[in-house]
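K.L.:
Quick one: the structure is below, and I'll ask about it shortly.
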Amino acid sequence: MARKANFALIGTGGVGRALLESILASREHHASTYGVWFNACLLADSTGAIALPSISDAKLRLALDAKRSGRALRSLAEQTDGVRAREPSESASDFLATLVGELEPESIIVDCTATEDTIVALRRAVGAGQRIVCANKKPFSSSQAIYDALIGSPRALHAVRHESTVGAGLPVIAALSRLLGANDPVSKIAGTFSGTLGFVMTGLQAGRAFSEIVLEAKALGYTEPDPRDDLGGVDVARKALILARGMGWRLELSDVAVTPLYPPDFAALSVDEFLARLPELNASFAAQASECARKGEALRYAALIEGGKLVVGPQSVPLSSPLGSLSGTDNLVEFYTQWYASSPLVVRGAGAGAGTTAAGVLADMVELAFAATPDFRPRIRPDVHADLE
């Protein structure tokens, strides 16, 4: 019989919905292979929540249908029980913290939002003996004090997972943790953490105009509605900071040196004005790409973590390097250590998308379900297990 693992999902946008769909599609796999049944006890968005001891799969599908059609969870009050609406006078932060405070110990709190409003709830969860899985970068790239509160205790090793905050479903943090666990000192991490900026850089390498590439990326849905949210580099800086803190560095986001892909005076423009003035940047980027090609190198928007410093921005890298060989929207991270000095450990693959991010979140949930049952072993090869008994 499968063991019940309670989970609370905060955030029912693209990633949250993909996660629920994956959980529903994996019921048999989780039960037969891992002996786990993920029991939803809370679904929350910014307007309200469904809070029940056990939210049936039928109700989960009802919530999915509502969110796909653009409706808030609070709109389901007439269709199902357990719906709670956030009061107009109540902040989202307080609302979520109250909901989390009512959950049982050992519940898995899953944060698939992109807001700082979950921080109070996550800190309360840690104090209440609950567990955390995060795809949300902001709690872990907020102040050092908040990072310490979430992940600074010995219990965090078995209670907190945040793999999908860097590289979506790629095992970047897992790779770093294994290196640290093996006492293989990390001297440098270099990586590209944005599929959007990877698309822009490889377009420049192919000789295309910067403005043309950005407009295409926006049309394809690779960028945020305001492309400056991607071109500014802050998202990359947050991911780099999370990795640096994972190495034990004590730094704030303000310590990261970030070079945006647009000049300061473009920041105050409207989106339409910004897009209209993009051609003014074409000559500069064409010259940079041409100079890189002359040296047998490529221009990449990368993060460099080395010597106590975090630098994020356009960098010229050898074409023969892993970063130089990168193309399209893939993410790539190089780890340089004692044993990976001349040939780095490389993690590469799709680093964005709701499906890949949700896959990373679900894998973290399975790991935490194991942590609560240390003597459990997966039934991947029942024939072999039988021979050993």
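Cβ coordinates are placed from backbone N, Cα and C, and glycine is handled just like the others.
As annotated by TrEMBL, NADP(+) binding site applies to Gly11, Thr12, Gly13, Gly14, Val15, Gly16. TrEMBL lists Thr113, Lys137 with the feature NADPH binding site. The domain 'Homoserine dehydrogenase catalytic' annotation in TrEMBL covers 171-366. Among the features that TrEMBL reports, L-homoserine binding site is placed at Glu224. Residues or ranges marked as active site, proton donor in TrEMBL: Lys239.
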K.L.:
Validating a neighbour-count step here. Other CB atoms within 10 A of the CB of Thr113 (NADPH binding site): how many?
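P.N.:
Result for Thr113 (NADPH binding site): 25 other Cβ atoms within 10 Å.
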K.L.:
So for Thr12 (NADP(+) binding site), how many other CB atoms are inside 10 Å of its CB?
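P.N.:
Cβ-Cβ neighbours of Thr12 (NADP(+) binding site) within 10 Å number 25.
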K.L.:
How long is the line from the C-alpha of Gly11 (NADP(+) binding site) to the C-alpha of the residue listed as 'L-homoserine binding site', rounded to the nearest angstrom?
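P.N.:
With distance taken Cα to Cα, the residue listed as 'L-homoserine binding site' is 18 Å from Gly11 (NADP(+) binding site).
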K.L.:
List the residues in the vicinity of the NADP(+) site, defined as same-chain residues other than Gly11, Thr12, Gly13, Gly14, Val15, Gly16 with C-beta within 8 angstroms of the site's C-beta centre.
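P.N.:
Once Gly11, Thr12, Gly13, Gly14, Val15, Gly16 are set aside, the remaining close residues are Arg17, Ala18, Leu19, Lys67, Cys112, Thr113, Ala354.
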K.L.:
What's the CA to CA span in angstrom from Gly13 (NADP(+) binding site) over to the residue listed as 'L-homoserine binding site'?
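P.N.:
For Gly13 (NADP(+) binding site) versus the residue listed as 'L-homoserine binding site', the Cα atoms are 15 Å apart.
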K.L.:
What subset of the recorded positions Thr113, Lys137, Glu224, Lys239 lies within 10 angstroms of Val15 (NADP(+) binding site) at the C-alpha level?
P.N.:
Thr113
K.L.:
Look at the binding-site residues Gly11, Gly13, Gly14, Gly16 and tell me which residue has the greatest number of other C-beta atoms within 10 angstroms of its C-beta.
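P.N.:
The largest 10 Å Cβ neighbour count belongs to Gly16.
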K.L.:
What is the separation, in Å, between the Cα atoms of Glu224 (L-homoserine binding site) and Thr12 (NADP(+) binding site)?
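P.N.:
Here the two Cα atoms are 18 Å apart.
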K.L.:
Within a 10 Å radius around the Cβ, which one of these recorded positions has the most neighbouring Cβ atoms: Lys137, Lys239?
P.N.:
Lys239
K.L.:
Give me the CA-CA distance between Lys137 (NADPH binding site) and Gly14 (NADP(+) binding site), in Å, as a whole number.
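P.N.:
Cα of Lys137 (NADPH binding site) to Cα of Gly14 (NADP(+) binding site) measures 16 Å after rounding.
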K.L.:
Can you grab the distance from Lys239 (active site, proton donor) over to Gly14 (NADP(+) binding site)? Cα atoms, rounded to a whole Å.
P.N.:
20
K.L.:
At a 10 A cut-off on CB-CB distances, which of the binding-site residues Val15, Glu224 has the highest count?
P.N.:
Val15
K.L.:
Could you state the whole-number distance in Å separating the C-alpha atoms of Gly16 (NADP(+) binding site) and Thr113 (NADPH binding site)?
P.N.:
8
